[in-house]
Each structure stands twice: as C-alpha cells, then as structure tokens.
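Feature annotations, reproduced from Swiss-Prot:
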- 1-226: region 'Pyrophosphorylase' (REGION)
- 8-11, Lys22, Gln73, 78-79, 100-102, Gly137, Glu151, Asn166, Asn224, Arg330, Lys348, Tyr363, Asn374: UDP-N-acetyl-alpha-D-glucosamine binding site (BINDING)
- Asp102, Asn224: Mg(2+) binding site (BINDING)
- 227-247: region 'Linker' (REGION)
- 248-452: region 'N-acetyltransferase' (REGION)
- His360: active site, proton acceptor (ACT_SITE)
- Ala377, Asn383, Tyr384, Ser402, Ala420, Arg437: acetyl-CoA binding site (BINDING)
Amino acid sequence: MNFSAVILAAGKGTRMYSNKPKVLHTLAGKPMAKHVIDTCEGLGAQNIHLVYGHGGDQMKAELGEERVQWVLQAEQLGTGHAVNQAAPEFADDEKVLVLYGDVPLISAETVENLLDAQPTGGIALLTVVLDNPMGYGRIIRRNGPVIAIVEQKDATEEQKLIKEINTGVMVATGGDLKRWLAALKNENAQGEYYLTDIIAAAHDEGRAVEAVHPVSPIEVEGVNDRAQLARLERAYQAAQAQKLLEQGVMLRDPSRFDLRGTLQCGMDIEIDANVIIEGNVTLGDNVVIGAGCVLKDCEIDDNTVLRPYSVIEGATVGEECTVGPFTRLRPGAELCNDAHVGNFVEVKNVRLGEGSKANHLTYLGDAEIGKRVNVGAGVITCNYDGANKFKTIIGDDVFVGSDSQLIAPVTVANGATVGAGSTVTKDVNENELYISRAKERRIANWQRPTKK
C-alpha cells in the first residue's frame, strides 16, 4: 500500500517526571515510538517522518537514525503546526497517515482499515465512543457525516455531551493536507494550530470525511503519565497471554507473565508465574519453565526443564536438559542434550557436552567440556588474568572434584580425574589422577586467641 506516515513525538512529557523524552519510555521492553514505527514498517510505509522537539540526540540513538526521516518542531505550537513541519516532504498524490508516538498500541489491522476507508479527495478519521469523553475533541456530525471536530476547551455545553471523540489519527492525501495545513489559524482557547481544524476545511470544500473505529478502544489510548503507561502495559500483556493460551501454551497465571519480545513455541509448553520473555525466544515441545525465570534471546529444545529463578540470555539449551534452580546461562552458553546445570551455577561462552553435569555452585567460562563430565561443587574455570581471557578444555568422561580451580589455558584429557581441592595449572593426561594440595599440618592442644 502506497502511503507515508507522520509520527508526532515532540511533547515534553512533563507528567512522566523524567529526563528522557516521553516516547522513549518503554512498553513491553520497547520504546513507545518504536512500537508505532514497527507498525508502519510492517505495513510497508514509503516514508516515516518523525516529528521531534526534545532530546533529539537521545531519540536518534534509541530509535535508529536511519529508520525514519527526522523533522524538528522547535516550538510546540499544536498538532497542526507539528504535521506542517513535515509537509514539504509529502508527495501530492500519496496517502499521508498521522500517528502519535505516545499511542503505542495502534494495530496494523486498524491502520489498514483506516487507509482503505479514505474517500477520494477526503479524510479518513479514527474515532471512538467513550463513556467519559472529558478532555477529548468531540466529533460534530450533521445528519450522519462528520463536519468538524471541536476541542474540549472550545466546546459548548451541548457539544460536551457528545461521546464520540477524535483520536487524532487520520489519513489524507498529501496535496490536500498541505493546502489545509497552510490555511490553519490559531484563533482558539489554547492559541495553537489544531490539526483537527482541517476536518471543517475539508467539509467546506465538499470533501467527504469518513469515520472509522479501531478494532479495540485500548489501541487509541495515549500515555501522559506513568500510571497510564502501566495500564497499557497490563493491557498489552493480557492480550499477549491470551494469544499464547489460544495457541495451547499453558500459562499457570496469565496475569503474572510478561512477553517483551517474540516467543516461538512448540507443543505442550508449561510456564509458571512471574516468567519474563525478552528478545527472541524459541521453545521446543514439552518445555517446562519454573516460576521467576527470565529468558532473553535463547533457544530451548524439547523436553527440557528450567527450574525456578533461572536467567538465560543468548544461550542454547538442548533436549532433555535440566537447568536450575538459580542458574545463570550467559551469552555463548551451549548445553548439549541431557546436560544438567544446577543451583548457583554460572555459565558463559561454554559448550557443555552431552550428559555432562555441573550441579552446584560453579563458574564455567570460556570452556569446551566433553561428554559425561561431572563438575563438582565450587569448581571455577579461571579464564581471566585481568587483561585477556583463556580457554579451558575438558575431554569426555572427566571427573572434576569439588572446590577445584582450573587455571586457563589448560586441558584435562579424556577420562582424567581431578581430586577435590586441586588447583590445576598444567595439562592433565588421559585417565590420570591429578591432585594438588598443600601438606597437612596438625598442632596439638591448640588454644584459640581470646579477647582481653
């Protein structure tokens, strides 16, 4: 569909009590404005003009300077003035869609309906009926068709009784929009150039104005403070949870589940309470996720169990694995099939072979670990000398005793055993027992120091 979009994002957001622009506050882990940009890109917008006024450098850094055409509104003189800053870029014959960076839940379906509804030479306007329309511009109709929009501060008492309100979202043809914007005046209670005044201008020219309702009213709710943002967050999460339930995912408590990215699921997934999904996560069949787990940009294969309060980021977990509780898998961690990683184990940039186990209180970093290896409690791969990192290689069928330190670079060959409490500084040969311990000392009749 041939259209361009204008996203208004110049407001200060003073009620957010924040140093960053309002539209950069996140919903589901993503800046509000990015939700709107993604919707436009998904529908194939030819150009996306983002009108900003405050924190331009910060906005460009977070939203991506190349994704949109940046339009500065140096003075905030109203919505009509804001759109007019981008008007020189509009093609005369293209559809121009006006959206808002602080209205993040607008759906692709609603936008498509609005674009399709635009009458030739006229305007398609998104409206909604509210039980309490206080503060919103009212839709004025005459025998059915929309003829004008009156803002709350300019409305008569009779007009204030109208419950159909303007959302601000609309579509018009570029050439018409430029002409109507150029003719706007600020003769109103707020001394601003209202975008809504183009409705009356279109009517005066005999152009049709078609009103369209959103798929869901929550889509057009804006954010002015943190309470409103929290409300939209809960609405968004409830919708995501409902979709997953309908796809067969068992959410033990849908109200305590957060999806802040994308989730691809197999069959018979079980997710307990307070689980957070971030980035791109893929789950195979029969995966069970315990309470309080956080998953980000990871893949979990079939029949794997993630026990409570495990954090997995940038990792790959194979089939039939057990992780947790209280495990941290960091970027580059790869657990092969039937691997076990237990409580208070941290793994980074490590391949843990099939059937291998590290069940207790262990740090594994920058290591290649073979099959059927047992890593005892308190084992540390010492991979960093303060400037550089080094690799530990452990072969198949190795047993590493508790409280051992492996000082990289070092190799422990197939079948070797490292005795508990050892500090391994040299390579260990196949099927060798390596023990490194200080000589014991015993002092009879020892008296502990006492306070004087």
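Using N, Cα and C of the backbone, Cβ positions are placed for all residues, glycine too.
Long-range Cβ neighbours of Ala420 (acetyl-CoA binding site) (same chain, at least 6 residues apart, Cβ-Cβ under 8 Å): Gly376, Gly401, Ser402, Asp403, Ser404.
When the binding-site residues Gly11, Gly78, Gly101 are scored by other C-beta atoms within 10 Å, Gly101 scores highest. In the structure as shown, the Cβ atom of Asn374 (UDP-N-acetyl-alpha-D-glucosamine binding site) sits within 10 Å of 17 other Cβ atoms.
Panel annotation: around the region 'Linker' (227-247), residues 16, 25, 27-28, 32, 104-105, 218, 221, 254-255, 257-259, 263, 265 of the same chain, lying at least six beyond its termini, place a Cβ under 8 Å from a Cβ of the stretch. Classification of Gly11 (UDP-N-acetyl-alpha-D-glucosamine binding site) by DSSP places it in coil, neither helical nor stranded. Asp102 (Mg(2+) binding site) has its Cα within 10 Å of the Cα of none of the recorded positions Gly78, Arg330, His360, Asn374, Ala377, Asn383.
In this structure, Asn383 (acetyl-CoA binding site) belongs to neither helix nor strand by DSSP; it is coil. Distance between Cα atoms for Asn374 (UDP-N-acetyl-alpha-D-glucosamine binding site) and Tyr384 (acetyl-CoA binding site): 23 Å, as a whole number.
Taking the C-alpha positions, the distance from Asn383 (acetyl-CoA binding site) to Asn224 (Mg(2+) binding site) comes to 49 Å. Take the binding-site residues Leu8, Ala377: by the count of other Cβ atoms within 10 Å of each Cβ, the lowest one is Ala377. Other Cβ atoms within 10 Å of the Cβ of the residue listed as 'active site, proton acceptor' number 16 in total over all chains. Ranking the binding-site residues Leu8, Gly101, Glu151, Arg330 by Cα distance from Tyr384 (acetyl-CoA binding site) puts Arg330 first. Of all the binding-site residues listed here (Arg330, Arg437), the one with the fewest other CB atoms within 10 A of its own CB is Arg437.
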